[in-house]
Amino acid sequence: MNKGESYRLQGKFEEALTNLNKSLEIKPDDADALKNRGETYRMMNKNVESLADLNNALEIYPNDAWALSCRGETYCSMNKYEESLTDLNKSLEIDPNDVFALSYRGITYLRLKKYEESLSDLNKALEFDPNDAFVLMNKGEIYRLQSKYEEALANFNKSLEINPDDADALKYRGETYRMMNKNAESLADLNNALEIYPNDAWALGSRGEAYRLMSKYEESLTDFNKALEIDPNKVFALRCRGNTYYEMEKYEKSLSDLNKALEIDPNDAWTLNKRGETYYKMKKYEESYADFGKALDIDPEYVATNDGYK
C-alpha cells in the first residue's frame, strides 16, 4: 500500500493502481488502501470509482478526516455541492487546520457563488501555506468574478510565479485582462493556455471574444466554432458567436446562436437585448421590442454590455 501511495504522490497513477489493487486483493477491508485508491481514481477524474472506494473506506472509519476531504472533493467534481460541503464540514470539525479540506471547501463555495465564505476558507488555507499556487489561483478567480480586477491580477501573478505553466491560471488571467480591455495581454495568456490544453472550450471562448473585440472576426469565429464543437451548449460561446455574426451583419446566423443560448438560459438579459437588436436590424420590430421589454423586466437597470465570463 505504501508503494502505491508513493506512486500516487509522484503522479504515476497506473503504477499506483497496480499496487493498490494487489494490496486490496490480499486485504479487501484495508481502509487506508481503499482511500488511497479512491484518491488515485479522483486524480484520474474517475469519480464513480473514487466514490465507491471512499464510501467503503468511510464505512470502516467514518471519522477519517482525510477520506472525508477526498470524498468531498469528489462530490465537488461531480457538481454535488451540498454533499461536498457535508463531508468537508465534517472533516474540518475533526481537523480544523486541514489545508486540503479548507481549500476544497473554498472551491465548493466558489462554485456556489458564495464568494465571502470561499475567500474566508482560502485565506485561512494561505495562512498555512502562502505559496499554494492552486489556492492563489482560485482566490484570483473569486476577485475576477467580483470585478475586482487588480486584486485578481495580484493573485494570478503570484500563482504563475510559482507555477508558470498552470493553464487554468493563465486562462483566468487572460480573461481578466480581456475584461480590463487589455487585449494584447489577454491574447498572450490565452495563447499560452491553449498551447498546453488546445481543446479547452472555456479558453477558446475567451480568446474568441478577445479576437472579436479586436475586430478579428475570422479568428474569432474559428475559436468559437471549435469551442462549440467541444461543448455545444457553452452559452458564452453561443452568445458571443451570435454577437460576432451580428457585427458581420450576418443576422440569420446571429439569430440562430442567440436563440440557442436563450433555450439554455432564457433569462439572460444581455442575450435578450442582443436578440432584440438583431430583430431590429431584420426589421422584425414586434419581436425586437418584446425582447427589449423582457430584458428590462429581468434587469430594470440593464445597460447593454458584454462584460464577461461569469
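Positions of Cβ are set from backbone N, Cα and C atoms, glycine also.
Quantities reported herein were computed from a predicted structural model and do not represent experimental measurements.
What TrEMBL records for this protein:
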REPEAT    1-30  repeat 'TPR'
REPEAT    31-64  repeat 'TPR'
REPEAT    65-98  repeat 'TPR'
REPEAT    99-132  repeat 'TPR'
REPEAT    133-166  repeat 'TPR'
REPEAT    167-200  repeat 'TPR'
REPEAT    201-234  repeat 'TPR'
REPEAT    235-268  repeat 'TPR'
REPEAT    269-302  repeat 'TPR'
Should anything in the same chain at least six residues away from the repeat 'TPR' (201-234) have a Cβ under 8 Å from its Cβ atoms, list it; otherwise answer none.
167, 171, 174-175, 178, 181, 183, 186-187, 190-191, 193-194, 240-241, 243-244, 247-248, 264, 306, 309
Residues sitting near the repeat 'TPR' (99-132): Cβ under 8 Å, six or more positions beyond its termini, same chain?
65-66, 68-69, 72-73, 76, 79, 81, 84-85, 88-89, 91-92, 138-139, 141-142, 145-146, 162
Predicted model, mean pLDDT over the repeat 'TPR' (133-166):
98
Count the residues of the repeat 'TPR' (65-98) that DSSP assigns to helix (H, G, I), to strand (E, B) and to coil, and report the three numbers in that order.
27 helix, 0 strand, 7 coil
Quickly jot the same-chain residues contacting the repeat 'TPR' (269-302) by Cβ under 8 Å, restricted to those at least six beyond its ends, or write none.
235, 239, 242-243, 246, 249, 251, 254-255, 258-259, 261-262
Six or more residues out from either end of the repeat 'TPR' (167-200), which same-chain residues have a Cβ under 8 Å from its Cβ atoms?
133, 137, 140-141, 144, 147, 149, 152-153, 156-157, 159-160, 206-207, 209-211, 213-214, 226, 230, 307-309
Using DSSP, how many residues in the repeat 'TPR' (99-132) fall into helix, strand and coil?
27 helix, 0 strand, 7 coil
